[in-house]
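Chemist: Right, I'll just put the structure down here and ask away after.
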Amino acid sequence: MASFLRTKSIEQANKITEVERFKLKRELGSWQLMLYVLGATIGAGIFVLPGTTAALHAGPGVIVSFLIGGIVTIAVGLAYVEFAAMTPVAGSAYTYSYIALGEIIAWMIGWDLLLEFTVIASTVAVGWSGYVDSFLQSVGIHLPDVLTKDIAHGGIVNLPAVIGWLIVAWIALSGIKNVGRSNTLFTIAKVAAIILFLVIGTFHVNPVNWSPFTPFGWSGVMAGAALVFFAFTGFDGVTTVLEEVKNPQKTIPKALIGGLSVLTLIYALVAAILTGIVPFPDLDVPNPTVFALQSVGIQWGGAIVAVAVIFGLLATMIANTTSATRVLFAMSRDGLLPERIAQTNKKTGVPVLSTIIVVLTGILLSGFLSIGELAEFANIGGLTAFALTTISVIVLRYTRPDQPRAFKVPAIWLVGIVGVGGSLALIFSLPLFTILRFFIWLLIGLVIYILYGYKHAKIGSIHEKQ
């Protein structure tokens with residue numbers, strides 16, 4: 001049993017980044033990293049889910065749902081900052097749990113992160129498809145339902161979602177520098193869309209629409225928080241690219257905490273304006289921001305927002321695809337999966353095989369599943385990783401108190417209670433079927449670990465074949 005809990009030292013984790021055939025290029029600066037946080041998180045969660053959540057779960061109380069999600073995320077974000085500044089290595093919570101909690105737990109978290117990031121990108125691909133389809137209809141092009149809906153809703157394949165994945169694959173395979181540039185451009189587009197919506201929408205708010213504020217009760221607000229938490233998932237993806245960041249010890253704290261604070265404020269404002277413009281029962285639509293502007297006669301505003309969102313959602317797909325490939329890269333580099341998956345292209349520095357695996361998986365998910373199923377699955381994956389990362393930071397405070405820390409979480413026990421307790425509360429607010437499917441996914445991963453990963457794990461032994 002002890003061998004299943006063998007750990008990797010911080011020194012081993014840092015040393016393996018110097019092996020040439022596994023080396024990534026440090027290309028990302030502070031500005032790009034801050035936009036990476038925004039790019040990875042602002043997506044379908046804010047452009048698609050607020051309407052459905054308000055209509056079916058929380059009413060105008062969806063504003064509070066976003067604030068609850070933000071508080072939990074910032075608490076967890078502090079834990080990520082401490083670990084990231086101490087160990088600027090690819091792999092995110094997988095690497096952190098390998099150091100603090102042991103190999104089998106690290107494997108399960110890595111397996112969980114592959115699910116989280118890939119499903120986030122897939123969920124956004126479905127949301128992107130909805131906005132593309134709406135835009136095409138506005139210019140007189142009508143795609144048949146069999147090519148825009150999942151199987152459960154009468155379709156054959158969600159073709160626009162598949163096309164979105166092919167665009168992302170092309171960008172991801174071109175190198176981290178182009179990923180950073182594309183993410184910056186697309187993120188600016190979607191932030192501009194949000195600002196435009198807030199500015200125009202403010203003049204069309206009817207306070208009467210905010211009453212009753214919690215029509216489904218506080219249980220509805222919590223259920224809403226569990227669903228809209230999807231809007232915050234993906235921020236941890238920034239810790240999967242630490243080996244590609246310049247001066248990570250100083251850059252990471254600013255990018256993560258600053259980005260999450262801005263996100264929480266933006267989300268609460270969007271929810272407030274959205275439910276102020278349109279009565280919440282009418283918001284169960286795939287494109288609520290565009291719908292809200294069109295409902296008050298601002299057709300041109302809706303069109304501009306729709307185009308900006310089409311570009312902006314690509315940023316979320318790109319960032320989460322990159323995050324998934326870097327987790328797969330880290331696990332393969334450690335020997336838990338075939339080493340070939342971790343090998344990088346000498347010219348671009350991209351782990352090509354891991355990128356192809358993630359993209360093909362994403363195409364299958366977004367091409368055939370609904371956005372609701374995908375969002376719930378992504379949420380439970382993210383919340384599990386958040387809870388275990390927070391626990392890892394607390395454990396390492398006791399097992400490695402001598403380790404220099406560029407950043408220390410203040411009031412660690414309070415942050416731990418909020419981060420772990422909040423994550424667990426949101427997990428158990430999800431549907432039971434989602435929880436059961438998640439455990440099946442973990443069981444599949446456990447079988448792979450026992451049959452392959454346990455026998456081939458390196459635990460920091462570095463074989464330089466340059």
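Counting begins at 1 with the first residue displayed.
Every residue, even glycine, has its Cβ placed from backbone N, Cα and C.
Checked TrEMBL, it gives:
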type     : residues : note
TRANSMEM : 33-56    : transmembrane segment
TRANSMEM : 62-83    : transmembrane segment
TRANSMEM : 151-173  : transmembrane segment
TRANSMEM : 185-204  : transmembrane segment
TRANSMEM : 216-235  : transmembrane segment
TRANSMEM : 256-280  : transmembrane segment
TRANSMEM : 300-329  : transmembrane segment
TRANSMEM : 350-371  : transmembrane segment
TRANSMEM : 377-399  : transmembrane segment
TRANSMEM : 411-429  : transmembrane segment
TRANSMEM : 435-454  : transmembrane segment
Chemist: Quick test of the contact rule: Cβ under 8 Å, at least six residues beyond the ends. What residues does that give for the transmembrane segment (216-235)?
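Modeler: That would be 37, 40-46, 49-50, 52-54, 57-59, 61-62, 64-66, 68-70, 72-73, 77, 116-117, 120, 123, 256, 259-260, 263, 267, 316, 319-320, 323, 375-376, 378-379, 381-383, 425-427, 429-430.
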Chemist: Does the transmembrane segment (151-173) come close to the transmembrane segment (350-371), meaning at least 3 CB pairs under 8 Å for residues 6 or more apart?
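Modeler: In this chain the transmembrane segment (350-371) contacts the transmembrane segment (151-173) - 3 or more Cβ pairs sit under 8 Å.
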Chemist: Sequence-remote contacts (6 or more beyond its ends) of the transmembrane segment (185-204), Cβ cut-off under 8 Å?
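Modeler: That would be 35, 38-39, 42-43, 46-47, 266, 269-270, 273-274, 276-277, 289, 292-293, 296, 298, 301, 304-305, 308-309, 311-315, 318.
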Chemist: Near the transmembrane segment (151-173), which residues from the same chain, at least 6 beyond its ends, have a CB less than 8 A from one of its CBs?
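Modeler: Distal contacts: 121-122, 125-126, 128-129, 132-133, 143, 145, 179, 182, 313-314, 317-318, 321-322, 325, 348, 350, 352, 355-356, 359, 362-363, 366-370.
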Chemist: Which bits of the chain, at least 6 residues beyond where the transmembrane segment (256-280) starts or stops, bring a Cβ under 8 A of a Cβ in it?
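Modeler: For the transmembrane segment (256-280), the nonlocal Cβ contacts are 34, 37-38, 41-42, 46, 50-51, 54-55, 59-60, 62-63, 65-67, 69-71, 73-74, 77-78, 80-81, 84, 194, 197-198, 201-202, 204-207, 209-210, 215, 228, 231-232, 235, 238, 288-289, 291-293, 295-296.
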Chemist: So, do the transmembrane segment (300-329) and the transmembrane segment (435-454) meet, by the test of 3 or more Cβ pairs under 8 Å (sequence gap 6 or more)?
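Modeler: Counting Cβ pairs under 8 Å, fewer than 3, so no.
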Chemist: Count, for each of 33-56, 62-83, 435-454, the Cβ pairs lying under 8 Å from the transmembrane segment (377-399), and report the range with the highest count.
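Modeler: Of the candidates 33-56, 62-83, 435-454, 62-83 scores highest.
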Chemist: Can you name the far-off residues of the same chain, 6+ from the ends of the transmembrane segment (33-56), with a Cβ under 8 Å from a Cβ of it?
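Modeler: 62, 65-66, 120, 123-124, 126-128, 130-131, 180, 183-184, 186-188, 190-191, 193-194, 224, 227-228, 230-235, 237-238, 241, 245, 251-252, 254-256, 258-260, 262-263, 266-267, 270-271, 274-275, 280-289, 291, 309, 312-313, 315-320, 323, 371-372, 375.
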